[in-house]
Every structure is written in structure tokens, then in C-alpha cells.
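For reference, TrEMBL has these:
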- 12-32: transmembrane segment (TRANSMEM)
- 96-115: transmembrane segment (TRANSMEM)
- 135-162: transmembrane segment (TRANSMEM)
- 183-210: transmembrane segment (TRANSMEM)
- 325-346: transmembrane segment (TRANSMEM)
- 366-384: transmembrane segment (TRANSMEM)
- 404-427: transmembrane segment (TRANSMEM)
- 448-473: transmembrane segment (TRANSMEM)
- 479-500: transmembrane segment (TRANSMEM)
- 544-566: transmembrane segment (TRANSMEM)
- 572-590: transmembrane segment (TRANSMEM)
- 643-663: transmembrane segment (TRANSMEM)
Amino acid sequence: MVVLLSTLATEIVIPVAAVVGIVFSLVQWYLVSRVKVTPERQAPSSGPNSNKNGYNDILIEEEEGLNDQNVVTKCAEIQNAISEGSTSFLFTMYQYVGVFMVVFAILIFLFLGSVEGFSTKSQPCTYDAKKTCKPALATAIFSTVAFVLGGITSVLSGFLGMKIATYANARTTLEARKGVGKAFITAFRSGAVMGFLLAANGLLVLFITINLFKLYYGDDWEGLFESITGYGLGGSSMALFGRVGGGIYTKAADVGADLVGKVERNIPEDDPRNPAVIADNVGDNVGDIAGMGSDLFGSYAESSCAALVVASISSFGINHEFTSMLYPLLVSSVGIIVCLITTLFATDFFEIKAVKEIEPALKKQLIISTVLMTIGIAIVSWIALPSSFTIFNFGVQKVVKNWQLFLCVAVGLWAGLIIGFVTEYYTSNAYSPVQDVADSCRTGAATNVIFGLALGYKSVIIPIFAIAVSIYVSFSFAAMYGIAVAALGMLSTIATGLAIDAYGPISDNAGGIAEMAGMSHRIRERTDALDAAGNTTAAIGKGFAIGSAALVSLALFGAFVSRAAISTVDVLTPKVFIGLIVGAMLPYWFSAMTMKSVGSAALKMVEEVRRQFNTIPGLMEGTAKPDYATCVKISTDASIKEMIPPGALVILTPLIVGTFFGVETLSGVLAGSLVSGVQIAISASNTGGAWDNAKKYIEAGASEHARSLGPKGSDPHKAAVIGDTIGDPLKDTSGPSLNILIKLMAVESLVFAPFFATHGGLLFKIF
């Protein structure tokens, strides 16, 4: 069947869309950079339109006697401290991760090369013995190269996101003096820089890699796309360390700052007298921005790789239909253009004038991008796919129509929106679940904790049904390929999702800078309003990440089962069942490790903050400066040391199980970890988000009910702070890291599948 889009057009469309995304992100960055954080040097003019802070319009005179130049200078100083802390932490972490990358790259080469004893002779193809394919040694070499490329792209995604976030936070603070709308646009544009850079870079690097590998592989598309899976493995490996390391860093500082500052000393959040405050702000960038960036890049890379692997052994790969083969990349290309149009709705077409318009504006971003993307997917499915084709389905080829594949992508896309809105309902303080949690603080921290946990468990129900429906529909229509493209559908609006997600930590830091720079309470109220909306959007981002992780890991699981030549996974066989029950335990083990890591790091932080308050004369009075550097060092050292054991658990499990127990047991482990991991991840993220926003609900005092629970420092507020502190490691360390656990184990099993199928199951061979 002929497709409307030619191979040449495909070769042009994909890189052009990626370049458009990169250019758009640079334009957004330029617009953010026009907000000056250096005092103007020219002589002050006395006219009514005197130039202040690089602008000709007069700032609203709310600084209550504060000199504008001093405020700008102070903001710049704080921003530099946060930026330096974030950069030095990431460089330290990347040194350790670099060592891991080298060791793991060697392992990939040795394991995959040994499948055929490092032979350089061509072999009969797995799915068509009449044809010859490239040797396993080639797969070993190219998988290793793809792994390194994926790792570097993931690191770059996180690092660039962190740089733009630290560049934008003080600018957001300064813009808040002009009104909440200006501050919103600055924070959102900065998030968009990260979103578009990540989506475009991921797409461009993957496209170039496929074309370069094709020069060697030629017609052996099965080998070509099998080696491309290393790209997803590299992306997720780096994301794991970014998420766990960054999560431990940020929460150790946050818990330490809150417990001593707010509960014991009764000083405001982000008060400059608190020694842990800079470490807390650094943590927002390394955990929520760099970690999230790497995480979503990993999901994108893996869902693309899973779809390509399954397609390569279907009619697209067998008949060498290049345009149809790259359908997943074309979907992502359209996603970049759709997100570009959507972003303009938030920054250019409509202006936010009041606090209450912030959250609806962010929700509209999700709705607009989903509606436009549905149209985009329909067009791509029409022009890039033949009207009928076959998809590999556990040993047989299943006939699929192009409209069925469109529905697979669309069901993933809309399931993502449903998960986003359910997450918002359970974590936003505009709705009754969080308000009930806040109300439970009347009787102390214990009832707050009970209500919060119940809310988290309840919030799992609808997302799981949404994921279940997506799986059923997409699998019925197009087998495992359908599930892979459904995951891609959920991630197709990744640029908008990341812009919304990164906006949160940027606003959070902007509030911290306003407090530390001594700006008026009205400025702080604006940044708090931005931050509260950001908390909810961060929870929505985590919901997307977890939902897509479930679909991605299931698609990778299907690709692994096909690659390892397992015809059925029978739960009733002992080999599979032991894997299933152990796999279901792994997320609990992993969560225990990460939460204990946060606890022990926070313990050191609390002791250090208390020591400084007790031993530095004049610290509470504000006449002496705290020692921020020691707190930053505590967080850095703890996170680097503590991220290794959970990382080792995730990375070594598939290698040990596959080598010693074989592919059947490993398939059980993957299924078990997927089923329990998704539930824990959703409930942990939403519980933490709800506790955080319940605290903010009491602090803001926007309604009669909220005022009856406040003000800051009241007993209900203290109970809310304790709930928020317990929720911190749940929502920012354990919860978001779990989606990487289930994806990473699945993609690693897929990459090593040829080795496990050939040499695995040593224990069962011995006995």
C-alpha cells in the first residue's frame, strides 16, 4: 500500500519540526532575558516615565520605602547563590554517573557480544531464517553507542532545564512587582524553554542516530531498531540517578528547613535567617527540574524505542516502509508544533490579570494541546500509514487498519488528560479533598496524616481505570505496538507538560527570593499564588509521568517477551509466580531505601540548622548571617552517597534474575513491579501534593474556612506543616522515582534479552 507522505518528506519533516522547537525555545529564552536583574547604571531621570529595572513603565510603588536598586541587587545575589549551588551539585553527581555510564556501557558490550561468542559472521535473521542479518557483535557495539547517546541527551536535558530555571527565578520575582500576570508569563516562558528544548533534542538525536545506524545496517531493520533500544536505556539510567539524587537533596533541605524554621522557631518559609534556605531552593532545581526533565525524556525515548522495535518485525520493517516505520517520530514532530501553538495561548493571546486566573490558564494549556493533538494525530495517521498493515503479535502477524492505530494514540493522549485532571482534583486546594485534609488539622497532625493517606489511596482508582481502558483498547486494535503508541500519545504533548511542570519550581524559588530579598508581603502573596498553582501542576506532571511509565513499561515488556521468544507468560508456573511476587515487592524495597535516605539526610540537616540557631549570636535577630554553605554540603554529600543503593537495586535486579533464573522468571518480575509500582507511585505523589496544598490553603487564608484554621503558627497550621514534611519524600523522591524503576527494569531486560535467552537461567540449568 502506498502512503501519502514520501520517504524524502519524512526525512525533512522530522528534523525541521525539531529545529522549530529549538528555535522557539531560544525565542522564549530571549524574551525572559529581557527582564534585567542588574540595576540600571545610567543617571536617574526625573520624568514620569523614568527607566527602572530596564523598563519604561513605573513599577507599582509597593516596596514601601525599599530602594529598587537594592532589591534588584539582592535578588541577583540570591539567584547567583542558587545557580552556583545547583551547578556544583549536578557536576558532582554527573561525575559519579559518568563512571557508572562507562562501566555499564562495557557490560552491555560484553553481554551482547558474548551471545554469539563475539563472532563477526552474519547470522540468519530471528524472524526470517532465509535472510541474513548483522552479527550480535554489531548489536553489542551499536547498543553501547545508543546507550551513551541516550545518557548524554538525558543529562543535557536535565542540565539545560536547571540552567534556565535558575536564570528565571529572580526575574519572576522582579516581574511580580508589576503584577501577577507579568510574573506568570516569565515563569511559564522559562518552563517552555525547557519543555521545547527537551522534546526537540530528544527527537533530533533519535532521528540522526537512526539514520547513522542505517548506513551500516542497510536492510537489516530488525538489528537496527534492536540496537536503538540502548537509547532508551541510557535516557532512563541517567533519569534514575537524577530523580533519586535530586529528590534526596531537595527533600533533606526542605524537611530540615521546615522542621526547625517553621515548627520550632516559628519563622516564615524561606526566611533568610534559616541556614537551610539556599539548599532548599537549590533542591527545587536539581530535583523537580533536572530530575523531571531527565525522567520525561527517558519516557519519551523508551516509548519511541518500544514502538520501533515492535514495528521493525512487522510489515513496516519487513517491507522497509520508512515513513510508516517512523510514525512514532512523526507523532512527536506534530506534538512540538501543536505545543508551540498552545504555548502562545498562555503567553500572547490572553493575559492573566488576577490570581484566580492562574490555574484555569494552566488547565486550558492541557485541554488545548490535547484537542489540537487529536487533530494532528489524525492527519499523521492518514498521510504516514497505509490503510491496512500487519503488526507482530506474539509469533503471528495481526492485520491493523490506520484508523485503529489513530485510536490507539488518541486513547493514550486522552487518558493522560483524565489522569491530569484527576490528579488536579485530589491535589488542588480549590477542591474538597484537600480542604478536608486541611480541616482535619483542627485535631492535630495524626488526623491530618490519616486523611492524607486515605486521599492518596483513593486517588489511584480513576487513573488505574484510565490506564486499564487504554491498555485494553490499544492492545485489542494493534497488540503491543498499540500500547507503545498509546504511551507515545500520552507523551506527545510533552513540551506543554514540561512547561507547566517546570513553571512550579520556578515560581516556588521566586517566592523564596522575594522573602530573602525582604520584599513586601504583597509580592510574596503573588508568588505564593503562582506557587500553589505550580504545586498542582507539578502533581499533574507526575501523573502524566507515572501513567506513561505504566504504558511504556508494558510495551517494553511485550517487546522483551517477543525478543526472548517466550510464547506465553503463564502465572501458574512456579518460575513465573516467584518472579511475580518478588517483582511486586521491589517498589516497596525501593521506596523504603529512598525514604530512609531522605530521613537520615534530613536528620543531619535538622541538627546543623539547630546548631546554627543555638551557636551563632544574632542569627534570630537578623544581625548575623547563617552559614548556608554547610547545609548545601550536607545535602550534596547525603544525596550522592544515598542514591547509589536504590540505583543499584533497580539496575542489578534484571541482570541477576535474567542470568540466574532465566527469562520466564524475569517476565514475572517485570509484571509484578509494574502492577505494584504504578499504584504506590500515584498514591505517594498525590498524598504528598495534597498535604503541601493543605498547608498552603491554611497559610493563604483565602476563604472563611481557611481563616478559621489559621493564621501561620496556629496549632492547625503546625499540624499541616508536619503533614507536608511527611509528604515531601513521598511526592518528590519515592513517588516520581518509582516510574523510572518500572521503565528502567523493562528497557534493560529488553536490551539484554538476547543474552538472557541464550545464556540465562543458570540455576535452573544446574538443578
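Placement of Cβ uses the backbone N, Cα and C atoms for every residue, glycine included.
For the transmembrane segment (479-500), same-chain residues at least 6 beyond its ends with a Cβ under 8 Å from one of its own Cβ atoms are 21, 161, 188, 191-192, 194-196, 198-200, 292-293, 296, 299-300, 303-304, 306-307, 310-311, 314, 327-328, 331-332, 334-336, 338-340, 342-343, 362, 365-366, 369-370, 373, 376-377, 391-394, 398, 400, 404-405, 408-413, 415-416, 470-471, 473, 537, 540-541, 544, 547-548, 551-552, 554-555, 558-559, 562.
At the 8 Å Cβ threshold, with sequence separation of at least 6, the transmembrane segment (325-346) comes into contact with the transmembrane segment (183-210) through 3 or more pairs. Remote same-chain partners of the transmembrane segment (643-663), defined as residues 6 or more beyond its termini with a Cβ less than 8 Å from a stretch Cβ, comprise 93, 96, 100, 104, 107, 237, 240-241, 244-245, 248, 560, 564, 566, 575, 578-579, 582, 586, 589-590, 593-594, 597, 669-670, 737, 740-741, 744-745, 748-749, 752-753, 755-757, 759-764. Same-chain neighbours of the transmembrane segment (183-210): 14-15, 17-22, 24-26, 28-29, 31-32, 35, 146, 149, 153, 156-157, 160-161, 164-165, 167-168, 171-173, 175-176, 224-225, 228, 231, 235, 289, 293, 296-297, 300-301, 304, 308, 326, 329, 332-333, 335-336, 339-340, 343, 346-347, 352, 358, 361, 494-503, 506-507, 510, 526-527, 530, 534, counting only residues six or more beyond its ends whose CB sits under 8 Å from a CB of the stretch. Listed by sequence, the residues of this chain that lie at least six past the ends of the transmembrane segment (96-115) yet keep a Cβ under 8 A from its Cβ atoms are 136-137, 139-141, 143-144, 147-148, 151, 155, 230, 233-234, 237-238, 241, 640, 644, 647, 651, 655, 751-752, 754-755, 758-759.
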